[in-house]
Amino acid sequence: MKHTNLYFIILDPIAFRALSIILAYFKESKQYIIVDTKDPKGLRSPWPSILLELIKPLLDPPIPNDPLGELNHLMQSNLRWNIAGITVAGNGKAGIGPNQLNSPNDLFIDSNGTLYIVDSYNNRIQKWFKNANSGVTIAGDMNGAPGSTSDKLYNPNNVYVDKEQNLYISDSRNNRIQLWTKGSLNGTTLIGSDVRGSALNQIKTLGLIWLDSEHHYIYAADIGNQRIMQYMVKSNIGDSGRIVAGGNGQGNRKNQLSDPYGVYYDSRSHTMYISNTNFGHTIVKWKLDDSSGTLVTGTPGTAGSKSNQLDYPGGVVVDDYGNVYVADQLNHRIQMFCHGSNGNGITIAGISGSAGSDNDKLNNPNGLAFDSEMNLYVADLHNNRIQKFMRLK
C-alpha cells in the first residue's frame, strides 16, 4: 500500500476547536491521522502540553499554505484572562512588614505555586507560599538594610529559582550576580563586583538574568555595555563570560541593543528575547551564536501606546506556544504578542495609558510570570503589590 499525503497531527485536548480547523485543511484528501496521546477514544483527557504541532509530512506533499496562521487565532482565543486582578502579596502600601512590599520589581513562581518576590527597595527576596498572608525573607536583610556584604543585597532586580530552590539573584546596585543556596544566610558572588567595567568579567549596570532549562548558563543583561552576556552557572568571581547579543554600542541597528534590561532565554529554540528600554522601546529575538537580532515588536527609538508599540518595556516571557508577553511599563499594561502576530499585541492586563490602583489597573508593571495553569502574576511596582489575573477557561 502506497501512503501519500499523510500527516500526523497532535492535538491538545483542551482546545476542541482546533480539531475542526485541521479537518477543514485536510478533508479534501481525507488522508490524515489524529493522535490523542492520553485517550484514543476522544478528546477529553487533560493533556496540558503543546496546543498544536504539525509534524513534517512523511512524503512529498507540502503542508497547505500557513495553516498555523489560522490556528494562531485559536491559540489566542483559548488564552484569555480575567481583566480584574487579585492582590496575592503586599497591601498596596510601601512598607517593611512581612505582609508588605516596597517597589516589587519581579517575581518567580515554582511548580508548587510558591512566589519568590524581588522586594527591590527593601533589598530582600521574599518567599510567599500559596494563599499566605505574608512572606518570609530568604535572601537579604529582613529589615531592608542595603549593603554589599555577602548577607546583603542592594536594589535586586530579579531572581531565578532552580529545582533545588537555589536562588540566582540580579543584585543590581552591587553590580553582581549572587547564588544563594537553599537555607543559606549568605550569598556567593558568581559574576561581577562593585567595580563597574566593560571587560568580559565585569558588568556595567546589571539588568535581568535568566538561566537555560538545563541550568548550565546564566544570561545577563549588561545595560551599560549594551550587551547580553553568557556565563557558566559554575562560574567563580573573576571568571569571564562571552557576549551573545549586542556589544556594538547603543543603537537600533540589527547588531545593536539599546539599554537592554530584560532577557528571557528559550531553551527550545536557543533564542534570547530581549527588551530594549531607553531609546529602544522594542523587543528583539536573538538566536544564540547569531550576529544580529530580529525585531519582534515596537518602533525602534520611538515610544508609543499603539498595539505594535511599547514604552520602556521591562520583563519579557515566552510561553510553550511561542507567544511573547511583555511588561509594558510606562503604558501600564501587559501585552501579549501571539506567535505570527506581526508585532501587533493584545492588552491582557491593565488599561493602556492609565495608571491606577483599582483591580483592573496597574502602575508601572515591571515583571511577570505564569503558574502551571497559565494564571498571570504581575509585579505591580508602584502599587507595591503582586497581582494575579486568572486564566479564563
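Counting begins at 1 with the first residue displayed.
Even glycines carry a Cβ here, placed using N, Cα and C.
Summarising the annotation, TrEMBL assigns repeat 'NHL' to 92-131, 301-340, 349-392.
Proximity of distant same-chain residues to the repeat 'NHL' (92-131), defined by a Cβ-Cβ separation under 8 Å and at least 6 residues beyond the stretch ends, is recorded for 137-147, 152-161, 165, 167, 169, 172, 180, 208, 315, 357, 366-367, 369-372, 377, 379-386. Residues of the repeat 'NHL' (301-340) grouped by DSSP class, helix first, strand second and coil last, total 3 helix, 17 strand, 20 coil. Counting residues per DSSP class in helix, strand and coil order gives 3 helix, 24 strand, 17 coil for the repeat 'NHL' (349-392). Applying DSSP to the repeat 'NHL' (92-131) sorts its residues as follows: 3 helix, 18 strand, 19 coil.
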